[in-house]
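K.L.:
Just dropping this structure here.
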Amino acid sequence: MPNNTLKQGSKIENVSPSKGHVPSFWKQFINNPKSMSSENITVPRSPTSLSRNAQPTTLKRPPLSSRPYSYNTPTKDRKSFSKSAKQNNNNNNANSGTSPHAEFKNYRDMFLSNRNGFTGRVFGVTLAESLSVASAEVIVQSELVSFGRIPIVVAKCGAYLKANGLETSGIFRIAGNGKRVKALQYIFSSPPDYGTKFNDWETYTVHDVASLLRRYLNNLAEPLIPLSLYEQFRNPLRSRPRILRHMLTHEVSHPNANKTNNVTVKSSRQNYNDDGANDGDIEKEDAKDDEEKRRRKIRHKRRLTRDIRAAIKEYEELFVTLSNDTKQLTIYLLDLLSLFARQSQFNLMSGRNLAAIFQPSILSHPQHDMDPKEYELSRLVVEFLIEYSYKLLPHLLKLAKREQQERLSTENKKNNGDKQKTDPIEIPKITSSDSPPIVSSNKNPPAIDNNNKLDHTTLSPISTSIPENSSDLQTSKMLKPPKQRRPHSKSFGSTPVPPDVIASNKRRTSLFPWLHKPGILSDTGDNGDLTATEAEGDDYEEENVDPYGQSPSSVHSGSLPKQHYLPIPRMNRSLSGNSTNSSFNTRPISMILTSGNDNSADQLELLSNTHSNNERSNALPLTEDDGDERNSRSRKRESWFQRLTSRSGSANRA
């Protein structure tokens, strides 16, 4: 029986209070003075504390939260509890030697850094380190100038938001899904491409991308405006309270913003027409008051405009003091936010709302986090930069373009100076000639083979006015090889003869379609040697070229007129069509420079004489073997053409 009574008693003691008794239980617990005491709780040091020699350790009672799980706690008890909690915190802070503000900041920073779990070298690091890992180039569309570089994650998110999120309601204010944002963060933090090739946005929403952009900017090691320039960026508006009052009382917006949703209230004065004797005097006084108000308004507007222009001028000078990486990212971000502010009638995110969201990442200071006045001034500065970015950005873009041109010019000078010291280029001797220059302008010029063992010389444009002493050219400045090959060369002659241009390098004659074209006109770009048959076919084709369309004329008759062809030695030459402005009736001969012989000028003179007299001459001697081969080939071609002409003549006679 005693055992049964003990069991029943233990059961009664373990019964928990019902839900209805919970509020009364908490009232009794809080009103109990022992529950609020800060007395120490003795805890034995080891399990063998039952011995007499055991020394207990002291632990402080943890403070309870001001709002327990029951919402029926009286306000009086909550106030008394909050006072006691503050006293306990003050005692603890006095013992530790740190202020509550510093402890809260440390706890907040630790929580933010550990909450997102940043890994890698993109998120949660300095801007310079993030750019060294993954960066994208920004190009200004209006001027096609490379403005600078920004992080890949900012470039990708900005491009996606511009295309899909301009009219999304609550953009940047509504948070995205945590899992999806973390997945995007992992993509842009993973090597080797760090999200450069990522384009699979279908599984993510606009708010996910906006949250990723905010997360990157908020977790930079330092705000975009560095702490050393924090006060300097706030001074232009702090020293002009007229601008601050205007921004607090009026909604500042871009002049091109669509304001279809904005409510405009116009003050309307009700005029009472009473038949009194003093109606005329009242109307005069009202007119004077209206005129005075209008003058005040105009005067205030002029002063406000003057202050705004002066502030913009100061900000232009301040942006120059920023580093290139910070300046480029800040300008890109201001331009992005101004686009969303212009669409505020759809996305409900005006410049004021956007400034409140992005102010911590653009302009903030750790000592002013808990100060509402300082926070408001920083927010107004960011709002001013967003709304008047259309005034700031053109000037900054001009500065960036000027700096880029200066940098390129200095690099070119250094490169040219190094090349002058290391690789001087000799100019070959060139003699004057009466024939106009022939210029080849193939769209796809053949590649130069440096391993070719044949003797070739570079063809340079020849002018009709060349000094007699060729030594002057050699003593002049050395030419520099161009970095990129031009699609065609230009004539530098003094005569107003435009260069002939070959329209296409895929022309085929309708008379000899099986013949191989010379190397300079072939699609493969081979620099093969010209045979007499190929040269004759080219000459026949170019004599039948339409001077207006520069296309080969079609031959309808089966007869071939008797032609006199000039044998051409082995050489590299430039081909061209007929020039409509040229005074020559026939195609001018190409100027050929050969490096195998020293008498290149004599060869040019001989070729020009043979062309002017229209007489057939023998080929210029190069070597004995080459001359024998060409003579045998020419005899075969002459017999072949004679048979062809005899057949066509007999057919016509028949």
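Using N, Cα and C of the backbone, Cβ positions are placed for all residues, glycine too.
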K.L.:
Which residue among S46, S99, S190 does Swiss-Prot mark as phosphoserine?
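P.N.:
Going through S46, S99, S190 one by one, Swiss-Prot annotates S46 as phosphoserine.
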K.L.:
Write down the residue from S583, S632 that Swiss-Prot flags as phosphoserine.
P.N.:
S632
K.L.:
From the set S409, S491, S554, which residue is assigned the annotation phosphoserine by Swiss-Prot?
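P.N.:
The residue tagged phosphoserine by Swiss-Prot is S491.
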K.L.:
Swiss-Prot annotation phosphoserine: which of S37, S559, S576 has it?
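P.N.:
Matching S37, S559, S576 against Swiss-Prot annotations yields S37.
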K.L.:
For the set S16, S435, say which residue Swiss-Prot annotates with phosphoserine.
P.N.:
S435
K.L.:
Which ones in the same chain are close to R173 (site 'Arginine finger'), with CB under 8 Å and 6+ residues apart in sequence?
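P.N.:
When sequence neighbours closer than 6 are ignored, R173 (site 'Arginine finger') has M349, N353, I357 within Cβ distance under 8 Å.
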K.L.:
Considering every residue in the domain 'Rho-GAP' (134-393), what is the mean pLDDT value?
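P.N.:
That region's mean pLDDT is 86.
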